[in-house]
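Novice: Structure provided below as structure tokens; questions to follow.
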Amino acid sequence: MRKFNIRKVLDGLTAGSSSASQQQQQQQHPPGNREPEIQETLQSEHFQLCKTVRHGFPYQPSALAFDPVQKILAVGTQTGALRLFGRPGVECYCQHDSGAAVIQLQFLINEGALVSALADDTLHLWNLRQKRPAVLHSLKFCRERVTFCHLPFQSKWLYVGTERGNIHIVNVESFTLSGYVIMWNKAIELSSKSHPGPVVHISDNPMDEGKLLIGFESGTVVLWDLKSKKADYRYTYDEAIHSVAWHHEGKQFICSHSDGTLTIWNVRSPTKPVQTITPHGKQLKDGKKPEPCKPILKVEFKTTRSGEPFIILSGGLSYDTVGRRPCLTVMHGKSTAVLEMDYSIVDFLTLCETPYPNDFQEPYAVVVLLEKDLVLIDLAQNGYPIFENPYPLSIHESPVTCCEYFADCPVDLIPALYSVGARQKRQGYSKKEWPINGGNWGLGAQSYPEIIITGHADGSIKFWDASAITLQVLYKLKTSKVFEKSRNKDDRQNTDIVDEDPYAIQIISWCPESRMLCIAGVSAHVIIYRFSKQEVVTEVIPMLEVRLLYEINDVETPEGEQPPPLSTPVGSSTSQPIPPQSHPSTSSSSSDGLRDNVPCLKVKNSPLKQSPGYQTELVIQLVWVGGEPPQQITSLALNSSYGLVVFGNSNGIAMVDYLQKAVLLNLSTIELYGSNDPYRREPRSPRKSRQPSGAGLCDITEGTVVPEDRCKSPTSGSSSPHNSDDEQKVNNFIEKVKTQSRKFSKMVASDLAKMSRKLSLPTDLKPDLDVKDNSFSRSRSSSVTSIDKESREAISALHFCETFTRKADSSPSPCLWVGTTVGTAFVITLNLPLGPEQRLLQPVIVSPSGTILRLKGAILRMAFLDAAGCLMPPAYEPWTEHNVPEEKDEKEKLKKRRPVSVSPSSSQEISENQYAVICSEKQAKVISLPTQNCAYKQNITETSFVLRGDIVALSNSVCLACFCANGHIMTFSLPSLRPLLDVYYLPLTNMRIARTFCFANSGQALYLVSPTEIQRLTYSQETCENLQEMLGELFTPVETPEAPNRGFFKGLFGGGAQSLDREELFGESSSGKASRSLAQHIPGPGGIEGVKGAASGVVGELARARLALDERGQKLSDLEERTAAMMSSADSFSKHAHEMMLKYKDKKWYQF
């Protein structure tokens, strides 16, 4: 990890290092207009990168273990990860360095340690007595493959079975091999000529620790006497063995086999099993053997004091149950319950009241580890209900497609979301509390609310409470509820852009203050939601359909530093002819049978009941145009104060007024340039005869007939001194819009009438999927020539703000900044009606300002700073309940609109300048406004490209945080763009990371590390220092339960459990040393890490000891004061007694 710690050295070179930038600024600005210096508080010492926590279901699980005393659950994965779970909120993630699959886990029960066996034949001992567990020892087997391990309760000797059939014994304290070895050829019959196969089971007799039960894969089971070093009994069965389990009395054991049978054996009757059971086999007539079933992969045999034992197994279904879901079978007495699971069963464990194997087990629950879920079954209630899982393991319920992270949210947000989400909880869970409740919570120093929003492939959105490094689901929204669902594939309209997951979420735009939510889906649809605590029934879902298509012909090389792009026709990535429609043409098709004016999804036309929470405000869909499918949306922004939403794709940009349900702007990217286009692209539509779209303007489709001055510039009639060339260009553009508006007013009305029918006819046309994710399909060259490799310029960033739109502006005004994939930034002015009543009656006037800025690479993020360098968030409308009672009229709703403008601040004078911060794939610029001079510039990367850039608040200041495709995380000060942090963290290995990585305020960040897990990290030095205290503790001192009472007669006649002195048997004195070539001992870093991890714990203990000492001192002081008071009282009493004695000393008794 590398930080700019040499910044202090470089500070001495500030004069020399800044001279070049000063010269550059002097070239950009006249000496009299030099930018004022802003005192920046963030330094490199404020930054440090470290992982915090990992949430979600362990990806590709492979092993399971449970400590019945500490109540801690461990899960191992195929990638070498280790996840530990305690009480809700206590989780831990560890990773084996080798990355080999975990094949088995064994707790040292109530010792705060865990042994993991990996597929690379390595054993590791983990220390769990520290907040970040670490490996204490490792043992690498060199000549044999490890297949099974067993660690008896309260024993330090670990039995290790191998693929060759041998058993080695490891001392878990020193992690060294004992010289005692059980060879396979000594365990089986001497007359047997075949190898018994790998060891699949090892366990000691619950009543006699000197007897070891060894199960071989071939079907042979051996009861080995450890003292005499010979086999007492051998049990043979024709079918392969998968698992073995003891009855607690040690007189019987049960085996599961590959033919779906269970065999129960008496220890002293090795000839044949006492009972053979086929749980799912069909009993045939004439006493014939049942038909074979699928293998029973695992069986457990648990006893109770008050009833029949439990036999619990996985697998064993009959072969004719094709397509049946995986099952867990619970056999209790004469009843058999088959519990179906949603995914394949990896492993399961029965949770029992006692850790002693020689006592009645009293099982109360079963933990079932599935391929993609963790299920806990209550054995004590009828019907075996499941426990409600408190862990955040449902992140992957549907694949995550996008993420957003919000730190320091309004304090009332989480309770509001929780209250509406609580009504969505399922019923029928067990009434008992979650039994895995070990560990203790950390002392969370962070108190600000954090919310994570995840978008999913099925169109659902989940809100998560991420405060204090925990994660809890708050609320789930299903966006697909507003659309009609096809009953089968034949009924599905062939207008989908994608064949699967047509409702998948691509972009989320959320305003925490107003609670307005806007999403963009993969089918080129946008849905706006408003938060409400009241249930409503929407009779007609408001919707708009937008035509957005623009094609170009030729591109000529512009004069200047930027080479031209190579362009291809827009609208379809192939030039193949479009097949004619096979169904009769209707109003939704153009004259030659091509699909036209048809959205990809069909909105429901029936009343929609909307529960409290997020409720649909407006549905916007892009439609097919002339046989061309709409391009997926690449950028989205919403502003609750203005009541506007804007979105763009590779064809252009559209702005919608969601209050008036009207389209305000519908332009191609080329039209934003006007006559300033450096690429001289000539618009052309090959279907002009069918689509009278004008000489360069896309159809401006709006929800209502809008006056022709809708796009008039608010300054076009003013006499303010603008640049004459810019003013002429703007005026020419406005006249062009006005002319086209008049010419096509009838055509717009006709198109709207067509759209209102919302017809969607099937077609054989299949969309091209090569541009499935436009936001990541860009070329990564080192200059603006990256557009050479793409066919169109897409909208990549959108930002609403109140700032200066032109150089000569004297005051800020509402506007929209638009960034494109070729590094161009446009400014669009917004003229909003004054007053809430006028806002709903008069149109919003939208017009390009003529301001164009350029950077290298696609623009990713834009933000604005005031003259003091403070972040200026967009204006917003505070949340109010929108669904007022019916008796209140419309004026009451109008009064509730209280837009809040936070930019510019009230303390800031109108004349003070602002700064626009623009981050692209290659560089960042800080533009001074209104002069539009480049105040600061930083080339972020030359050889790679920025995947995510965010302007975030940290330590009462602001900075730019970037994540590059080469794995570097960087931060820069604002506005000077000084490098503060540059750490190599994670290279871009898949698009999942690029799609989900995001920064948040207060030094937080996250990304989807696997399809099922979210990794959180921090780049704040303060958070890194406090992390140790924030993490939970896995180990807590707990008294080990007392061993079961042997009873008088059992102790007298030897009927109780027999103990074994394993130290004497396996120690070096009696068994010698093992061969050095057999296994290699590797000391782990756990000792050093334990010291580091315990440092803060020691400090805490010292503080608590000091506090206890102070309390003790106070108590001693109080005691001393009380003692002194008692002594004083005693002296006083003594004096009074002496005086009485002197007074009555000479008197006779009768004189009293």
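Any Cβ shown, glycine's included, is placed from N, Cα and C.
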Novice: According to Swiss-Prot, one residue in S588, S689, S719, S724 is annotated as phosphoserine; name it.
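Specialist: Checked Swiss-Prot: the phosphoserine annotation sits on S724.
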Novice: According to Swiss-Prot, which residue among S18, S760, S928, S944 is annotated as phosphoserine?
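Specialist: Swiss-Prot annotates phosphoserine at S760; the rest carry no such entry.
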Novice: If you check Swiss-Prot for phosphoserine, which of S19, S741, S775, S783 comes up?
Specialist: S783
Novice: Within 10 Å of the Cβ of S1059 (phosphoserine), how many other Cβ atoms can be counted across all chains shown?
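Specialist: Excluding its own Cβ, S1059 (phosphoserine) sees 9 Cβ atoms within 10 Å.
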Novice: What are the DSSP helix, strand and coil residue counts for the repeat 'WD 13' (940-984)?
Specialist: 0 helix, 29 strand, 16 coil
Novice: Fewest neighbouring Cβ atoms within 10 Å: which of the modified residues T1040, S1132?
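Specialist: Lowest Cβ count within 10 Å among the modified residues (T1040, S1132) is S1132.
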Novice: For S1059 (phosphoserine) and T1040 (phosphothreonine), determine the Cα separation and express it in whole Å.
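Specialist: Taking the Cα atoms only, S1059 (phosphoserine) lies 18 Å from T1040 (phosphothreonine).
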Novice: Near the repeat 'WD 4' (201-235), which residues from the same chain, at least 6 beyond its ends, have a CB less than 8 A from one of its CBs?
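Specialist: Same-chain contacts beyond the ends: 148-150, 152, 155, 159, 161, 165, 167, 182, 184, 186-189, 194-195, 241, 243-251, 253, 255, 257, 265, 267-268, 270, 273, 357-358, 1056-1060, 1062, 1065.
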Novice: What residues elsewhere in the chain lie close to the repeat 'WD 13' (940-984), defined as a C-beta under 8 angstroms and at least 6 residues from its ends?
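Specialist: Same-chain contacts beyond the ends: 1-4, 7, 38, 40-44, 46-49, 408, 780, 782, 857, 860-861, 863, 865, 869-871, 915, 917, 919-924, 926, 993-994, 997-1003, 1005, 1019-1020, 1022.
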Novice: Can you grab the distance from S1132 (phosphoserine) over to T1040 (phosphothreonine)? Cα atoms, rounded to a whole Å.
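Specialist: It is 55 Å, counting Cα to Cα.
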Novice: Run through the repeat 'WD 2' (102-141) and tell me, per DSSP, how many residues are helix, strand and coil.
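Specialist: Helix/strand/coil tally for the repeat 'WD 2' (102-141): 0 helix, 27 strand, 13 coil.
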Novice: Can you tell me the three-state DSSP label for S1132 (phosphoserine)?
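Specialist: In the DSSP reduction, S1132 (phosphoserine) maps to helix.
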